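Here the structure is laid out as structure tokens; the discussion comes afterwards.
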Amino acid sequence: MHHFDYRDGRLYAEDVDVTALADAVGAPFYVYSEATLRRHMQVFQKAFAGADPLVAFSVKANSNLAVLKILASEGAGADVVSGGELQRALKAGIAPEKIVFSGVGKTRDEMKAALDAGIYQFNVESAPELDALNTLALSLNKRAPVALRVNPDVAAGGHDKISTGRKEDKFGVAWEEARGLYAQARDMKGIDVTGVDLHIGSQIADLAPFEAAFSKTAGLISDLRADGCTIERLDVGGGLGIPYGNTAAPPHPDAYAALIKKLTAPLDVRLIFEPGRMIAGNAGILVTRVVFVKEGVARKFLIVDAAMNDLIRPALYDAHHDIIPVIKNEDAAQTTYDVVGPVCESSDFFAKQRAMPEMKPGDLAAIMSAGAYGAVQASQYNTRPLIPEVLVSGERYAVIRRRPSFEEMIALEDTPDWL
Ligand SMILES: *Cc1c(COP(=O)(O)O)cnc(C)c1O
């Protein structure tokens, strides 16, 4: 459910006409819907009402400060994976006791910043990381609250590149080693063992992998408690998929909630969630303008002004995004396009052999479901400026990240004096 709909054949973002927005801001740009972001947070929280979980939004999905501020006002915490994301979460007003820190390669500086801030939990992914965190915490006279991220060896996720819970993935502590490492953590003076953490993948389309992983975890938790570890929290990660338009809809958050409640009720733990895509994915679109229509020998190309540097998901994960005209033309014939950007890479495409209405140069198209893993993964490849992010709220809009000027784009570069 989102707030991007046609009114009399014109696409609106809430009550804002997307064509008027394009005239004001200049294509290409992202648009986020505040009402959709709030709604998704509320659906999630309602599904777990009464359980008092920590819903820690996965900041890497969409880290714009305005977006974080909206989610914070709905009670969200943050799951961060870098020192920069930690600073963003704090700047957006998210309390440290609602922040968890994940990731396989936390540096000492990042750990120190998080210890100084007093975050809720470190999700530790390896023995050397645990050692480093213990040593650092001792030197600061602190104790770091820790959950070990365990790897349940379950295959899950919509693509090889977003599956994280298999043996061969770089994430987490191997299942066979978890108990031993917990015993070490229990005896470390700089570590406070607080719970268990998992995150098995992303864009997960059915409940079976969650069920497999969380059932296994129940057994682990009783073993750990028998070993004298304090396990008060269970962080179940993120990963619930969203409909992108090409496949059957993933389970509703209510079904996901029912399963998790059923599996975790006997465990007596506080639940932590790290949803990213589920909150932000369908709350954003990417608006782009057609530059040329090129009739190739074998294919017809719709060449648009956005590119893989603005939205890399199709190139990186073969991701599907629905692409729709911003102004509907009922008379337009159906055709088949490869929708591509101007970047000099064959992987610069948004859709291949896509059936859609004919479009012409100057027309605007909306690439749907681009609110998660979109703007955050953008680069300035081909010296293309980062594109604006716009927030709409009812009839209002605001540019929440503007397009940099050429001078700003090159401001960090220097030419040595011998040149
Ligand atoms: C990416 C990530 C998430 C969010 O995943 P979604 O599929 O967007 O819900 C949560 N936790 C961790 C540790 C992650 O790396």
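Each position is counted from 1, following the chain as shown.
Cβ atoms here come from the backbone N, Cα and C positions, even for glycine.
Straight from TrEMBL, the features:
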| type | residues | note |
| --- | --- | --- |
| BINDING | G239, E274, P275, G276, R277, Y373 | pyridoxal 5'-phosphate binding site |
| BINDING | R277, R313, Y317, E345, Y373 | substrate binding site |
| DOMAIN | 29-371 | domain 'Orn/DAP/Arg decarboxylase 2 C-terminal' |
| DOMAIN | 35-280 | domain 'Orn/DAP/Arg decarboxylase 2 N-terminal' |
| MOD_RES | K60 | N6-(pyridoxal phosphate)lysine |
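Shown here: features listed in TrEMBL, placed on the structure.
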{"residue": "K60", "record": "N6-(pyridoxal phosphate)lysine", "CB count, 10 Å": "20"}
{"residue": "G239", "record": "pyridoxal 5'-phosphate binding site", "CB count, 10 Å": "31"}
{"residue": "E274", "record": "pyridoxal 5'-phosphate binding site", "CB count, 10 Å": "28"}
{"residue": "P275", "record": "pyridoxal 5'-phosphate binding site", "CB count, 10 Å": "26"}
{"residue": "G276", "record": "pyridoxal 5'-phosphate binding site", "CB count, 10 Å": "23"}
{"residue": "R277", "record": "pyridoxal 5'-phosphate binding site", "CB count, 10 Å": "27"}
{"residue": "R313", "record": "substrate binding site", "CB count, 10 Å": "22"}
{"residue": "Y317", "record": "substrate binding site", "CB count, 10 Å": "17"}
{"residue": "E345", "record": "substrate binding site", "CB count, 10 Å": "14"}
{"residue": "Y373", "record": "pyridoxal 5'-phosphate binding site", "CB count, 10 Å": "24"}
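In this structure, the C-alpha atom of P275 (pyridoxal 5'-phosphate binding site) lies 10 angstrom from that of K60 (N6-(pyridoxal phosphate)lysine). Y373 (pyridoxal 5'-phosphate binding site) has its Cα within 10 Å of the Cα of these recorded positions: K60, R313, taken from K60, R313, Y317, E345. For K60 (N6-(pyridoxal phosphate)lysine), the nearest neighbour among the binding-site residues G239, E274, G276, R277, E345, judged by Cα separation, is G276. Largest Cα-Cα distance over the residues recorded as binding pyridoxal 5'-phosphate, namely G239, E274, P275, G276, R277, Y373, equals 15 Å. For ligand 1, the neighbouring binding-site residues among E274, P275, G276, R313 are E274, P275, G276, by Cβ distance under 6 Å.
Apart from G239, E274, P275, G276, R277, Y373, the residues listed for pyridoxal 5'-phosphate, the same chain places the Cβ atoms of S58, A61, S202, G238, L240, M278, I279, A280, A372 within 8 Å of the centroid of those Cβ atoms. Y317 (substrate binding site) sits 14 Å from R277 (pyridoxal 5'-phosphate binding site), taking the Cα positions as reference.
Spanning the listed substrate site, residues R277, R313, Y317, E345, Y373 have a farthest Cα to Cα distance of 27 Å. Following the DSSP three-state reduction, the secondary structure of R277 (pyridoxal 5'-phosphate binding site) is helix.
Across the domain 'Orn/DAP/Arg decarboxylase 2 C-terminal' (29-371), the model assigns an average pLDDT of 95.
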